[in-house]
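Here is the structure we will look at, set down as C-alpha cells.
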Amino acid sequence: MTLLSFLPAGFLDSGPVQRALVTGAVAAVISAIAGVLTLIRGQSFAGHALTDVSAAGGAAAVLFGAGPLAGFLAGALVGGFGMETVELRRRSERDLVAGIMLGLGLGVSALILGRIVSSGSNGGAPVTILFGSLFILPPGVILPVSICGAVAVVLAALFTRPLLLAALDPDLLTVQGGSPRLMRLVHLTMLALAVAVSSLTVGAILSTAFLIGPAATATRLSARPGRTMALAAILGLIAGWGGILMSYKSYDWTDGHAWPVSFCIVALIVAAHLLLPPVFGRLLKPRQKG
Amino acid sequence: MDQDALRVDGLFLSRSGRTVLSGVSFALAPGSFCGLIGVNGSGKTTLIRALLGLLPADAGGIEGAARGHRALGYVPQKIDADPYMPLRARDVVALGFDGHRYGLPLPSRRRRDRVAAMLAAVGADAFADRRLGDLSGGQQQRIFIAHALVREPQLLLLDEPLANLDMPSIAGIVSVLKRIARESGVTVLISSHDVNPLVGALDRVIYLAGGGAVSGRPDEVLRSGVLSRLYGHHIDVLRVHGRLVIVPAGETHPIAPDEPHVERLE
Ligand SMILES: Nc1ncnc2c1ncn2[C@@H]1O[C@H](COP(=O)(O)OP(=O)(O)OP(=O)(O)O)[C@@H](O)[C@H]1O
Ligand SMILES: [Mg+2]
C-alpha cells in the first residue's frame with residue numbers, strides 16, 4: 001500500500017470519510033456533465049439561481065425533520081421547471097427570470113433557516129445547508145446519492161447528441177426531427193440532480209463552483225464533447241477527493257482549526273482553472289493542417 | 001410522384017399578430033438553384049422558417065416532394081454559439097448526420113466517411129479539426145452548409161449565408177452550392193438582400209416585397225415593370241457597370257437613370 005501511504009492513518013477506514021468520498025465523487029461526475037451542458041447553453045447564471053432555490057428546499061426538508069437531499073432535489077426541480085414555464089423571447093431574458101428566482105430562493109432560505117435557528121433545535125443548519133456537511137453525512141445517504149448519480153449518467157448517455165445539437169441551435173434539432181423542449185427538460189433534470197448532490201458536498205451556495213468550475217476548465221482544454229465531459233469529471237473528482245484530504249489534513253496544519261471541506265474543494269477548483277488552461281491549453285490544441 | 005420539389009400556394013404568414021406575407025405562391029423545380037430576394041424585414045426568414053415547419057402558416061399550403069424532416073437541410077441566418085463550445089468543425093457536421101438520435105455515438109465508418117466527404121465538398125478540410133468558435137464567419141458558414149448537406153436533403157434552405165462575407169468567400173460558397181445542386185440534384189433556396197452576388201448563378205428568383213412575391217427566371221423578374229407591380233409604385237431596375245441596382249423612383253440616389261453607362265431594364 002505504498003501508493004496510499006501519504007494518506008493519514010485510518011483515513012480510508014473511517015465511515016464518515018468513506019461516505020464523503022463516495023458523495024464527493026458522485027457530485028463531481030454529475031456536476032461535470034451537467035456543467036458542460038449548462039455552460040454551452042449559456043445558462044451558468046440560471047444554474048446558479050437553481051442552487052438558491054435548492055437551498056430553500058433543503059432548509060424546508062430540515063425544518064420538517066427530513067434529510068436535506070430530498071429537499072435539495074425537490075427545490076432544484078421546482079426552480080428549474082418553474083423557470084421553464086416562463087416564455088422567453090431571447091437568451092438575456094433568462095437572466096432576468098433567474099435573477100428573480102435567485103432572490104426568491106435566498107429569501108425563503110433565510111426565512112426557513114431563521115425559523116430553525118430560533119427554535120433552538122438545530123443551530124448548525126444554516127452552515128450545513130449553505131456550505132455543506134460532507135463529514136457528517138448519515139450512513140443512509142449512499143443509496144439515494146448513487147441513484148441520483150446513475151440517473152444523471154443514463155440521461156447523459158441517452159441524450160448527449162441532441163443536447164449538443166440543441167445547444168448549438170434549437171432550430172437545427174427541430175429541423176432534424178428532434179425536440180428542443182425535451183432537451184431543456186432533460187438538461188434541467190440533470191442540473192437538479194447535480195445541484196442536489198453537490199449541495200450535500202459543498203453546500204447549496206458553493207454547488208455552482210462544482211458545476212461551473214471543472215466544466216469551464218475542461219472546455220478550455222479540449223474541443224471534443226466526450227473528452228470535455230470526461231476531463232471535467234476527472235478534474236471535479238480530483239478537486240473533490242483532494243479537498244476532502246486537504247480538509248482532513250488541515251486539522252494537523254492548523255493545530256485544530258481545520259479548514260472546511262467546501263473551502264478546500266473550491267480552492268482546488270479555482271487553482272485548476274487558473275493554472276491548467278495556460279499551461280496545457282496550447283499543448284492540447286489540435287495540429288493545424290494547411 | 002410530385003413534379004416540384006416544393007410548391008407554395010397562397011401562403012399567409014404573420015409574426016406576433018402582424019401579417020408579414022399575404023398570399024405568396026411559387027414552385028421550385030428539383031435540382032434548381034433559387035434565390036429568395038428582398039430587403040431587410042421583407043419576410044425572407046419568416047418564409048424560410050415556415051417552409052421548415054418552424055412557424056405555422058395562417059393560411060395556404062406548402063407541398064411538394066421535399067417535405068418532412070428527412071428531406072430538409074437548413075443553414076440559419078445566425079448561430080450564436082458559445083465560443084468555447086467543445087465542438088470541432090468535424091463534430092458539427094457529424095451532428096448534422098445523427099445529432100437527433102439518442103444513445104451514445106458509437107464509432108461508425110459510414111458517419112466518418114460521410115462527414116469527411118462533406119467537409120471536402122465545402123472546402124473545409126484545412127480547418128476540420130479546429131474548434132468551431134475559432135473559425136471565421138466564412139469558415140463557419142461552410143461548416144454549417146456541410147452540416148445541412150450531410151443527411152442528403154432534397155431541399156437545402158440557406159438564410160443569408162453570404163452576409164458578412166468578402167467577395168472571394170461569396171464566390172467560393174456560391175460555386176460550392178451551385179455544384180452541389182447540379183451534381184446531387186439538391187434544390188437550393190438561398191436568401192439574400194442583394195441580388196448581385198447570386199444573379200449569374202440563379203435558375204430562379206423569388207422576389208419578396210410588400211407582403212407579396214413574384215417568381216421566375218432572373219431576367220423575367222428583375223425588370224422595372226414586374227417589380228413596380230409588386231411594390232405598388234414605380235421601381236427602376238438599373239444595370240450599372242454590370243451590377244443590378246433596384247431603386248424606387250423619386251428616391252434620392254447617386255445614380256441617375258438617364259446617364260450613358262446606366263441601362264434601364266423595363
Ligand atoms: N420574433 C419576431 N416577433 C415579431 N415580429 C417579427 C419577429 N421576427 C420578425 N418580425 C417581423 O417580421 C417581418 C419579417 O421579418 P423577417 O425576419 O422575416 O425579415 P427578413 O427578410 O429575414 O429580414 P433580414 O434581411 O433583416 O433578415 C419584419 O417586419 C419583422 O419586424
Ligand atoms: Mg432574415
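Cβ atoms are placed via backbone N, Cα and C, with glycine included.
Within its own chain, the transmembrane segment (A:20-41) is flanked in space by residues 47, 134-135, 137, 141-142, 145-146, 148-149, 152-153, 156, 163-164, 166-167, 187, 190-191, 193-194, 197-198, 200-202, 207, 210-216, 218-219, 225, 228-229, 232-233, 235-237, 239-241, 243-244, 261, 265, which lie at least six positions past its ends and keep a Cβ under 8 Å from the stretch. Look at TrEMBL and you will find A:20-41 (among others) tagged as transmembrane segment.
Sequence-distant contacts of the transmembrane segment (A:53-76), counting only residues of its own chain at least 6 positions beyond either end whose CB sits under 8 Å from a CB of the stretch, comprise 82, 101-102, 104-106, 108-109, 112-113, 115-116, 122, 125, 128-130, 133, 138, 140-141, 144-145, 148, 191-193, 195-197, 199-200, 204-205, 207. Taken from TrEMBL, the feature transmembrane segment covers A:53-76 (among others).
Cβ atoms under 8 Å from those of the transmembrane segment (A:96-117) belong to residues 45-46, 48-56, 59-60, 62-63, 75, 79, 82-83, 86, 88, 123, 125-126, 129-130, 204 of the same chain, restricted to positions at least 6 beyond its ends. The transmembrane segment annotation in TrEMBL covers A:96-117 (among others).
The transmembrane segment annotation in TrEMBL covers A:129-159 (among others).
Summarising the annotation, TrEMBL assigns transmembrane segment to A:190-216 (among others).
Here the transmembrane segment (A:228-246) has Cβ contacts under 8 Å with residues 7, 11, 17, 20-21, 24-25, 27-29, 31-33, 35-36, 134, 156, 160, 201, 210, 213-215, 217-219, 221-222, 259, 261-262, 264-269, 272, 276 of the same chain, all six or more residues outside its ends. Feature annotation from TrEMBL assigns transmembrane segment to A:228-246 (among others).
Annotated transmembrane segment per TrEMBL: A:258-280 (among others), in sequence order.
Away from its own ends, the transmembrane segment (A:129-159) comes close to residues 15-17, 19-20, 22-24, 26, 29-30, 33-34, 55, 58-59, 62, 67-70, 73, 109, 113, 183, 186, 189-190, 193-194, 196-197, 199-206, 229, 244, 247, 260-262 of its chain (Cβ-Cβ under 8 Å, at least six residues beyond either end).
Nonlocal intrachain contacts for the transmembrane segment (A:190-216), taken as residues 6+ away from its ends with a CB within less than 8 angstroms of a stretch CB, comprise 23-24, 26-28, 30-39, 44, 47-48, 50-52, 54-55, 58, 68-69, 72-73, 76-77, 79-80, 109, 127-134, 137, 141, 145, 148-149, 151-152, 155-156, 228, 232-233, 235-236, 239-240, 261-262, 265-266, 269-270, 272-273.
Beyond the transmembrane segment (A:258-280), the same-chain residues lying 6 or more positions past its ends with a Cβ under 8 Å from any Cβ of the stretch are 20, 24, 131-132, 134-135, 201-203, 206, 209-210, 213-214, 216-217, 220-221, 235-236, 238-240, 242-244, 246-248, 250-251.
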